[in-house]
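Participant: What follows is a structure written as structure tokens; I'll ask about it next.
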Amino acid sequence: MPRQPVIALVATGGTIAGTADTPGAVTGYTAGVLGAEALLAAFPGLGEIAALRAETLFSLDSKDMAPAHWLALAQRVQALADDPAVDGVVITHGTDTLEESAFFVHLTVATAKPVVFTAAMRPATALSADGPMNLLAAVRVAAAPAFHGLGTLVAINDRVYAARDVQKQRTHGLDAFGAGEGAAVGRSDPARPGLLVNRDGGSCAAALASAALPAVEVLYVAAGASPALLDAVRGSGAAGAVLAFPGNGSVPEAWKPAIDAALHAGMVLVRASRVPAGPVGHDTRLPASLLSAGDLPPSKARVALMLALACDRPQRFCTLAAPH
Ligand code: ASP
């Protein structure tokens with residue numbers, strides 16, 4: 001009889017581990033209450049698919065995740081993936097900042113074993129809670145040879161997304177996640193995994209040795225927004241900033257002096273877009289050192305820039321950001 005796959009489950013909190021007072025409540029609940037063992041108890045049949053080793057790393061609402069948590073999580077996932085007895089890793093996480101944690105783990109954890117994030121939009125106490133089915137899908141994906149070598153994945157609502165591409169696109173509803181234009185999406189069916197591709201998985205592994213990540217802020221540039229925002233970030237000593245401009249990364253004239261001053265001071269700046277889909281290309285009329293976010297949304301451009309700076313290679317950002 002073939003050996004049963006061994007999957008390590010790392011719980012970090014989120015709505016999948018959330019509880020409410022009544023079964024009908026899908027808002028106003030407390031996220032991150034239940035630990036890993038309680039998540040497994042919701043579906044004892046999981047044990048027939050894989051032998052599970054469960055641990056609770058954090059009990060957080062993911063709105064409170066910070067770069068220090070990303071580092072601790074990625075270091076733990078790397079250690080589990082390096083264990084010859086472990087075949088795959090599943091991480092349960094809140095939906096709010098899952099896209100950032102998953103992209104960070106994708107870029108820093110070097111392994112061919114499946115590393116699969118999952119989450120839920122309804123708390124564990126809700127009628128038709130989506131957490132147990134999403135956890136089942138994540139364990140299936142982590143246990144299946146078809147998903148090896150694809151980098152970090154996100155299994156949710158019957159689909160599998162590449163961590164690089166996935167984004168929370170709706171504040172409510174089970175179909176909250178999607179991926180940008182032309183991005184890689186698969187199915188949580190090990191027999192028909194779909195179109196996933198591995199882009200840059202583990203390519204920033206050196207950053208896992210960092211004690212802390214460089215400070216990078218994201219600025220949302222509304223019509224008429226004051227460039228004093230960028231001056232303030234420069235004054236805070238941040239190493240970089242991602243500027244979420246309107247349209248195709250269109251830089252308002254009023255922002256150009258502040259951008260020049262920040263570049264002159266040695267900050268690394270990325271021109272991104274507030275628009276949900278489509279790449280931001282290079283614009284030859286702008287300073288050559290103002291980098292373009294490509295098809296990364298501002299939140300992920302920040303992750304990529306932090307890692308590029310942590311590895312002392314700001315230009316590495318351009319490879320990570322290049323559109324599909
Ligand atoms: N605020 C929750 C969190 O991100 C939302 C969720 O998990 O759906 O932890």
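Backbone N, Cα and C define each Cβ position, glycine as well.
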Participant: Which of these, SER59, SER62, does TrEMBL list as part of the substrate site with THR95, ASP96?
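Facilitator: Matched candidate out of SER59, SER62, per TrEMBL for substrate with THR95, ASP96: SER62.
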Participant: Which whole-number value in Å describes the distance between the Cα atoms of THR95 (active site) and SER62 (substrate binding site)?
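Facilitator: Approximately 7 Å lies between the Cα of THR95 (active site) and that of SER62 (substrate binding site).
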Participant: Need the DSSP three-state call for ASP96 (substrate binding site) to compare against my parser.
Facilitator: coil
Participant: From the centroid of the CB atoms of SER62, THR95, ASP96, the recorded substrate site, which same-chain residues not already listed sit within 8 A by their CB, in sequence order?
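Facilitator: What remains near the Cβ centre is GLY14, THR15, ALA31, ASP61, LYS63, MET65, HIS93, GLY94, THR97, LEU98, ALA119, LYS168.
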Participant: DSSP-wise, what's the residue breakdown of the domain 'Asparaginase/glutaminase C-terminal' (216-312) into helix, strand and coil?
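Facilitator: Helix, strand and coil residues of the domain 'Asparaginase/glutaminase C-terminal' (216-312) number 33 helix, 21 strand, 43 coil.
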Participant: Among SER62, THR95, ASP96, which the record lists as binding substrate, how far apart in Å are the two most distant Cα atoms?
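Facilitator: Between the outermost Cα atoms of SER62, THR95, ASP96, the distance is 7 Å.
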Participant: Once the DSSP letters are reduced so that anything not helix or strand counts as coil, what is THR15 (active site)?
Facilitator: helix
Participant: Roughly how many Å lie between the Cα atoms of SER62 (substrate binding site) and THR15 (active site), rounded to a whole value?
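Facilitator: Checking the Cα atoms of SER62 (substrate binding site) and THR15 (active site) gives a distance of 9 Å.
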